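Trainee: Structure provided below as structure tokens; questions to follow.
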Amino acid sequence: MAGSCSNWKYYLWFLTVLCRSLLPVAKTLESVVWNSQNPKFQYGKGLVMYPEIGDKLDIICPKADMGRPYEFYKLYLVKKEQADQCSTVMDPNVLVNCNKPEKDIKFTIKFQEFSPNYMGLEFKKNVNYYITSTSNGTLEGLENREGGVCNTLSMKIVMKVGQGK
């Protein structure tokens, strides 16, 4: 009787390990530093990413560097048309303000289908999402709603959720 009990535990352990190995593993994607010096923003395309449900992405607004002036940005989650036209005039969703030169600002996106927070972001597989900034990098241009670095430097992110690469 003792032998069959230990076999049962072994099979249960094996089944648990097998099931866990088959589940997709959530990962933390490489952080995006939101400034004009970031070479990941490709002219005309921006930055294309392929997150999966469960992944996390950090967007970092770096603090002021002694060698160059601080860059001020307001980042928005927008529709495709808005990203293509570099416009945040219609129904923008503000994600983060990069407006504190004295410290790094980090905004974390968790790619989840359901958020426990009523203001939280929710994502669906096989849908594209867009982040951009229409600010021009200066304090005076922080509230710009059209053009800005989206237009001049292609500073936008296309997130192709659940679409692999």
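A Cβ is built for glycine as well, from the same backbone N, Cα and C atoms used for every other residue.
In TrEMBL, annotation is done automatically, which means it is predicted and not curated.
Annotation comment: TrEMBL describes C86-C150 as disulfide bond. Annotated domain 'Ephrin RBD' per TrEMBL: 27-161, in sequence order. Annotation source TrEMBL lists signal peptide at 1-28.
Each of these features: where is it, how hidden is it, and who are its neighbours?
Mentor: Long-range Cβ contacts of C86 (disulfide bond) within its own chain (separation 6+, distance under 8 Å): T132, T134, E146, G147, G148, C150, N151, K156.
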Trainee: Take the Cβ of C150 (disulfide bond) and count every other Cβ within 10 Å, whichever protein chain it belongs to.
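Mentor: The answer is 29.
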Trainee: Tell me whether C150 (disulfide bond) sits in a helix, a strand or coil according to DSSP.
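Mentor: Once the DSSP labels are grouped into three classes, C150 (disulfide bond) ends up as helix.
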